[in-house]
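Right, one structure below, let's go through it.
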């Protein structure tokens, strides 16, 4: 019991329960208790008390002592709890499994695993042989017994037969094992064996033996065939019928195809394409995906009824791939064709069509569902061009629409270094992630070599590295990556001078001292790619002849052979020994190639070998602006004894595969054109490439054998400064042309379009503002501000031209004053970049214009008057016209060389001119425009109109000269001599040094392009494509950017009867900077004052001629409507309010109101007249003359 606690009873704190049953029986009259506070009575303060003592009961709470469990009991209870939890989990699991179990009807259609052969396959022949022997022995025994059927069989003899039966039963049990099923067993065999078992007892009936008790072997229950349920009719699915279209290739082509990695994946690729509407194929360059995948689809029958479309981001790739595929398939070009911006060979018989992505986008505008195609292949998707991103977004919606209509369209996205996450993880683009196929490239291992330090002068470093490779490493082509055309030409010129190539005719020269004409032409052709100046070309020719004569003298001097001791020389080793000596391992080679010094830049100590002993280099340039003929030279065979060396921009990164390349020198940079999202200012900046691009460049060295890639930057720079992928073009460039095309296609909410990488919101807003300024979009004049701007009629016209929207507006406004031929030439020239060859230093403003040898001739093309004020576009106009005439005479190359024009650019200008001419003739019925080679220059008046048309298209690119009079500092005035303030820029911009208006420096100009250049540690802004304008034109052609401060009443506003509008003189400013504009006349903007002035002209009879007869009966003059005291006259006030309420400020608005309400203004006008009844005016109302136009 334990020790009793002191005062334990008091410590218990029991609960006393009082029996209140007697109190509850007492009846209380509540109303009789006057003023009683019933709420205040409780158990402690009762209202009444019973007469007798209440019974109480003490309740003591019993304290329950918790019994402590032992460890064994706790484990036992825990096991019970765990068992219960497992049972609960098992029930939940069984319930979940039952929920996803297939129906019983469907389950019966499957084959049980017990009916599938799984084990015992090797023992089947042995068992069959053993069973046959047993059956033979049994047959012999039965035959003997049948012959002596009258004899009684003793137990011993019967026991032998019993043993045989038992052995056979045991063997049959093994054969009937549900895990072992003979592949030859069928229903007939099983039924026959059952019959034999039934006949056996009948035959042994006379034999007096006890019937053996045997266990029947387990038999497989063969279920009768179940009729499959007919599936319910589903919507038309994409069921591809197996088709094979034979292709007769040559043996050589077939053998070459078999070496491509994608040929091994053909089965998997085609099965994936057949089963999925959208497929992504990722494979390194050289895997053969571009050339082989269209052939797979052709052989699978996708080109039987529709075409296979393949898009390429570059025109060169589209043409080259088309010809290559046609050659491999042994098909004519009429069936495997291409279509690019200016040319194509597509015919009605075309089955495979290669095109640029812009061409396919234009086809979607006319045929949204692409009903001509069965497959669309988007190649080079990793380059992420603007058109490719739009096509991916559009096709992601077109493919499901075609599937619903029962005309499935396959979409295949191909790329070398694909940003797979942009496609597979973008649920807004693809609701169901498309399958990804990775094709391994036919790639040899490439050893990557980094620099210890990253040099600043990467061109000089590339030159030194090339010398090391050429002098010390084995045979193999060299591919050098630099940033731009200037660096390509500089490096090509330097390498050609260091390792010159002497043609075969040099032997004849050594004999007779003469140079053949063929050698001269070939030498000139080699020098033309790098030396643009004819004087330099002539100097190079003379230098070549001089070197040949020197080599002749050296040859004669060496004819007297000296005595040579062969013991002083060591026999040369083979290539393998040279490889081992020069390339013991990666570290040694890196160290040997990196220990360069600046002395190697000198041409005397470059190689340490005589000019006659050095192996020549066949150095070729490659960049996008190079002519197609010179680009194709990289595919031609290299002359004997030469090593191929290609100096290229990033064109050779993915678009073209250059043969015989073993060494790659990667500078790690690229020239990127950056755009300001708000102002549109562009800047060419040399930046690091992405890691994906660097890997692409390195992969070029592993096409023919194991190669090496020498990266002219450190590994730390590669890890820290290189992005994984380049930023898509759609996020870097202005997108107004993209927005206008999409809006004309019916895509109003461009923000919600499923871009793989959507453009920035700032880009879209800036593009929308520019299109509104151009008049292509119009803000809705409703209270609902959420509606996007609507496309105007002008916007639809602009979208039909394959040029930028600003140039499209210029074409749309040129249908007057015979300006269309000149505008077409201007637009074609302005749309092609770098038409003019610029020489000399262009960044220094102190360089005189005469430093450019073409400047004087261009100054004569824009000599004076409006020709000069038209400025640089006038130079382009004269150049295009003269080049067209020279081309008709067959003298285009000579003309371009003599006048500083790029021949390739002039060819593109002519193609675009022809295309624009055809578009205009197609869309405008009353125009017969042609490309006239004898087009005369425009007149002075036409040149003035062309200035206005240029302003209409480039109204957001207006610049005003910096006022030098306000600058006191002479140095600052000298620095800002050619400086202009642009509308959206804070820093001043300078006129381009080659502009013909640089000396004149007009006060107001428009420019075609603003760009930024690095000038030392700072940057400097330049503008080019300059045209002078008059400031009063801004109010007329760019009204949305003008700010009207005040409407002038002197001179008084006037009403133009032709247009039905009011014109007035205003004080205005231009742009955000508030540049003052001279006094100009414009249409009076909508305001209460404009409505009052319109009412004055209406009462005066100028708006409607029928009301002129009532002018004498007016109670007050028409001018009283615009007076301030007119509000005191109720009748005049009602007339004014009626016009202001309906916003009637021109004749067309009044006519529209009368069309909806014919009695508008009838009562108000009648109140302003003397002695004119309402019945007299009603027949005349509305007072619109039938000859007056209903729509302006």
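The backbone N, Cα and C atoms fix where each Cβ goes, and this holds for glycine too.
Annotation source Swiss-Prot lists ATP binding site at 283, 284, 285, 286, 287, 288, 289, 290, citing sequence analysis. What Swiss-Prot records for 379-382 is motif 'DEAH box'. According to Swiss-Prot, the feature compositional bias 'Basic and acidic residues' maps to 505-517, 567-583. Look at Swiss-Prot and you will find 540-746 tagged as domain 'Helicase C-terminal', backed by sequence analysis.
For the motif 'DEAH box' (379-382), the DSSP-based tally of helix, strand and coil residues reads 2 helix, 0 strand, 2 coil. All chains included, 24 other C-beta atoms sit within 10 angstroms of the C-beta of residue 283 (ATP binding site).
Packing around residue 289 (ATP binding site) is summarised by its Cβ count: 28 other Cβ atoms lie within 10 angstroms of its Cβ, all protein chains included. Per-site Cβ counts within 10 Å over the binding-site residues 286, 288 peak at 288. Every protein chain shown contributes to the tally, and the Cβ of residue 290 (ATP binding site) ends up with 25 other Cβ atoms within 10 Å. Of the listed binding-site residues, namely 285, 287, the sparsest Cβ surroundings within 10 Å are found at 285.
A simple way to gauge crowding: the CB of residue 284 (ATP binding site) has 21 other CB atoms within 10 angstroms, across all the protein chains here.
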